[in-house]
Amino acid sequence: MGAQLSTLGHMVLFPVWFLYSLLMKLFQRSTPAITLESPDIKYPLRLIDREIISHDTRRFRFALPSPQHILGLPVGQHIYLSARIDGNLVVRPYTPISSDDDKGFVDLVIKVYFKDTHPKFPAGGKMSQYLESMQIGDTIEFRGPSGLLVYQGKGKFAIRPDKKSNPIIRTVKSVGMIAGGTGITPMLQVIRAIMKDPDDHTVCHLLFANQAGVQWRESRLTATSASRVQAIVLPQLPE
């Protein structure tokens with residue numbers, strides 16, 4: 001009798017355990033791991049690829065902790081890169097061109113300000129030149145999310161007047177954007193979020209100026225949806 005009860009117990013427990021394991025696997029798949037778990041922690045990420053877009057513009061790809069990780073950056077927010085350069089801590093904000101639809105990596109498009117190319121800034125850009133000097137396999141510290149604006153979809157923006165204030169919700173039918181050079185990256189972040197939702201009818205009006213690399217970015221915009229993105233591309237902003 002005892003052996004029969006033991007066998008019956010195993011027969012009952014096995015399907016329960018199997019169902020539990022299956023549910024856990026499904027849950028894990030539906031909730032990818034987030035890299036930026038806290039805005040107060042710095043996360044070292046490894047450079048795994050670099051693409052030359054123009055003579056002074058680069059795409060840097062950094063690996064996330066695992067192929068299943070996403071960055072965890074709300075639309076409208078940015079990250080900070082920090083590094084010790086010549087003994088000093090240098091921190092700069094950047095907006096990735098990748099999104100949380102991309103797993104395992106984060107992409108940054110950055111203009112490199114080389115020294116002795118601009119009379120007002122003879123030393124060039126500290127962080128951009130540091131990134132240019134990085135070798136594949138080197139790491140740099142990411143921190144975030146940061147920012148006062150989050151796009152929640154369907155024309156809804158959550159905007160905080162300052163870091164300590166609660167967000168104010170604003171719903172709009174169209175968004176005006178003005179960008180120059182790699183300053184297009186925050187705009188692309190919002191545009192892509194709108195474009196991937198067929199039920200989001202928000203219209204984006206973009207005025208974009210850049211002397212180099214325009215074709216690369218213009219193709220990215222054209223590939224989304226001309227009906228909801230009205231873009232004017234200029235070689236430079238009018239004075």
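Counting starts with 1 at the first residue shown.
Here the Cβ of each residue, glycine as well, is placed from N, Cα and C on the backbone.
According to TrEMBL, the FAD binding site annotation covers Arg92, Pro93, Tyr94, Val109, Lys111, Phe114, Lys126, Met127, Ser128, Thr185. Long-range Cβ proximity for Lys126 (FAD binding site), meaning a same-chain Cβ under 8 A and a gap of 6 or more residues, is found for Ile85, Asp86, Val90.
Among the features that TrEMBL reports, domain 'FAD-binding FR-type' is placed at 40-152. The average pLDDT computed for the domain 'FAD-binding FR-type' (40-152) is 96.
A sphere of 10 angstroms centred on the C-beta of Tyr94 (FAD binding site) encloses 22 other C-beta atoms. In this entry, FAD is bound by Arg92, Pro93, Tyr94, Val109, Lys111, Phe114, Lys126, Met127, Ser128, Thr185, whose most widely separated C-alpha atoms sit 20 angstrom apart.
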